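What follows is a single structure, written as structure tokens, with notes after it.
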Amino acid sequence: MNTILAQQIAKEGGVEAWMIAQQHKSLLRFLTCGSVDDGKSTLIGRLLHDTRQIYEDQLSSLHNDSKRHGTQGEKLDLALLVDGLQAEREQGITIDVAYRYFSTEKRKFIIADTPGHEQYTRNMATGASTCDLAILLIDARKGVLDQTRRHSFISTLLGIKHLVVAINKMDLVDYREETFARIREDYLTFAERLPGDLDIRFVPLSALEGDNVAAQSANMRWYSGPTLLEVLETVDIQRVVDRQPMRFPVQYVNRPNLDFRGYVGTLASGSIKVGERIKVLPSGVESSVSRIVTFDGDREEAYAGEAITLVLNDEIDISRGDLLLAANEALAPAQYAAIDVVWMAEQPLTPGQSYDVKLAGKKTRARVETIRYQIDINNLTQRDVESLPLNGIGLVEMAFDEPLALDIYQQNPVTGGLIFIDRLSNITVGAGMVREPVERGVTPPMEYSAFELELNALVRRHFPHWNARDLLGDKHGAA
């Protein structure tokens, strides 16, 4: 057993008491990102090593791996704790998003180590989508690079408000204060163009030597701020979903017997109480909450992030993908939206293409109307393009096959975030963040292939009880 873990269990008075204490610790999800070889994996390895989260067999294996794959000579190559794929170890880079877990006496942590190479930007965006804080590593010898700007922009685009700029490899510049000050000034100048109200902090460190990671550095006495670990343990994460109106996307309908009908899901934002009046979108039907059922029994109130089952006082038609919200909310379903897109497929995104989209349990179809612009995230400028390439980021207007209840992503990532799915391969090809619903006039009918129209006609003729919608709509009447 890990020595520090054994000490913590003994201090709490046994395994059960220790597990209860762990449940009540706050959780911080953060990612490390930056340019290639800035030391992201080494930093995570240093955090795990200095907080004594490594077991004896792992340490022994690390010694052996450092001799075979290491890049630090006779020293331990702490990056190998994270770079688990064989290709990563052979090339000395990170390719996939690697997740690691550790805890201190003050907090629990989930780390996402993301790749630095530009061709793996989609992997980095995936890692950032669930994080509260981003550590942006900068090589003290190189300063702010294009990839640093790229990752900073993607992090803020995905709603991360807390940025820790870790200026790494200070040992290679003789721990000079002027180097730290120059890079800090350069980054702040760039950050003025980043969207949102950001909390930006700077820490000079050496992941390889351990300076200012978990303990204060004797080599940088000019720096009086907190260590990186102290920042992570004390940063106040204000979740935006706690302050937003109630949203409850229905994951599925639970009907184990004739006497029970509950709607299961995770409360995306806000809170809900027994007796509260609710409205169902897109139907607009209203009811009230009679029970809030959880794994631990019935509750009088539930909060954002909790998995619950809602029982209503009325028997109304609710299915997977519907959205429950407060009855007095004025949210109207939208059929058009402007969406920030991170494109993840080799085949570029072009106007006129149709995809399946999935948003908070709701799956429907959408068409690309126009690409307003692509963002050059090296200098945050906008340029007109005819298509959005792999790893491209741009603002796109989409038309949905049916009206959807949408929130702005920066206010509610669950009901404002969606994925694009290729209808033939079923592969996720893009991620979208709703910028704003778009007002349009009469909705034009979606264009369908001859095969889809024929299949729709066959289904309606031979399976009328399925209640399939006529894809041609009013065109029959017009004809």
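Cβ atoms are placed via backbone N, Cα and C, with glycine included.
Ranges compared are 92-96, 252-256, 467-471, and Swiss-Prot records region 'G2' for 92-96. According to DSSP, Gly34 (GTP binding site) is assigned to a strand segment. The DSSP breakdown of the region 'G4' (168-171), given as helix, strand and coil counts, is 2 helix, 1 strand, 1 coil. The Cβ neighbour count for Gly34 (GTP binding site), using a 10 Å radius and every protein chain shown, is 28.
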